Amino acid sequence: MTQCGDRRLFALNYHGAIQTPPPTDPNAAPAHRPAPRPALGRCRPPHRRRRRLRPPVRPPLSLPVALTTRSSAAQVGYLQDPFASLLYRPPMPQPGAFAPQAVGRARKPPLINVGTHHRTWGIDRLVDRFLQRGGKQVVSLGAGSDTRFWRLMSRATPPDLARYVEIDFPHLTSPKAQRIARHRKLYQYLGPSSTAMPPPGHPYTVSKGGTQLSSPLYTLLPLDLRPSPSEPASSISAILSHHVLPQLDPRLPTLFLAECLFPYMSPEDSREIIKWFGETFCSCMGVVYEMVGLDDSFGNVMKRNLAVRNLSIPGSIFSTPESQAGRFTSPMLQGGKFDSAGAKTLWQIREEDVGPEELQRISKLEILDEIEELRLVLEHYVIAWGTKGECMSSISL
């Protein structure tokens, strides 16, 4: 594959923007495709007006793509994640049909696997340092099928967490709740974190039509953070206060995670989320992961292919690591302003944090010749963080 081809595949596959269809034989006869059957519930009389739906905050494919990239990295040996296969199993494609899930299931190119390793390495270090400083609560925004809770609680010495809350759309929390309830390897960790033995029976309750799962330690919360058009007086901060705050203790040090979420929100909405956490918790930390520098050819490819699917990234105006860090210390946050902030690209994390032994280990897993190409890709993704409170002040990468 050419360098340009590698770059395009990484830009679209790794971030979850769109999948590239498999190559076809130009000399092959065109396959017969039956006429598509109408979807149930979508046949409407011509005179009826179609109800307008709000676009999703992030691409619908970002959930399976994000998890399959992680599964690919774990399969090759970059990561250890025994829970990914329990939380997501892509459906089998129909014979002769192109399905994005089938592409997502395949092993990813080395560029993507290395990027997934560095992303996980950096965020894991920040989360661990938060917990080592007495952090007690974690809120994962747009969690999808993230496995971090289980990776933390399955450690030989699990952290002393008080609450772990995952938030996403109901159509995404529903299958996750079903899989948690189905697998004892998942629900055995839902009890109090101080207990080494799994609690008897099922330590959780399922509600809201199967979209919410709650336990003394863990909550999977179905929630759309966007204000409803039917309630113009509502705001993101009001939604967070009404639905999320009852799950937490504002007196405890709290971390919020937003991985590939804010680009699909307006800068005003993401600022309101950061401000709410800074105002609500006197000791707080935020970690954001997203892309930067999208004004070059790499970013233009991503934006063009998102536009094909009628998706945009209005929150991608923070084009440098410095501007990403500045989101936490902006005067516009007023009382929600964080005390300190920082940011690093994945390339900086590779150069400064991963370490020679780990780099040597992963270099033996796959052949990766184009280091300059890798650098170009990794410099377009950044991990930014902000801290507030005395015990959180020195946390950084």
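Backbone N, Cα and C define each Cβ position, glycine as well.
The S-adenosyl-L-methionine binding site annotation in Swiss-Prot covers R119, G142, D168, D224, L225, E259. Mapped onto three states, the DSSP output places G142 (S-adenosyl-L-methionine binding site) in coil.
The compositional bias 'Low complexity' annotation in Swiss-Prot covers 26-43.
As annotated by Swiss-Prot, compositional bias 'Basic residues' applies to 44-55.
Positions annotated as region 'Disordered' by Swiss-Prot: 17-61.
Counted within 10 Å of its Cβ, the other Cβ atoms near G142 (S-adenosyl-L-methionine binding site) come to 24, all protein chains included.
Taken residue by residue with DSSP, D168 (S-adenosyl-L-methionine binding site) is part of a strand. Within 10 Å of the C-beta of R119 (S-adenosyl-L-methionine binding site) there are 22 other C-beta atoms, taking all protein chains into account. Within the group of binding-site residues (D168, D224), the Cβ with the highest number of other Cβ atoms inside 10 Å belongs to D168.
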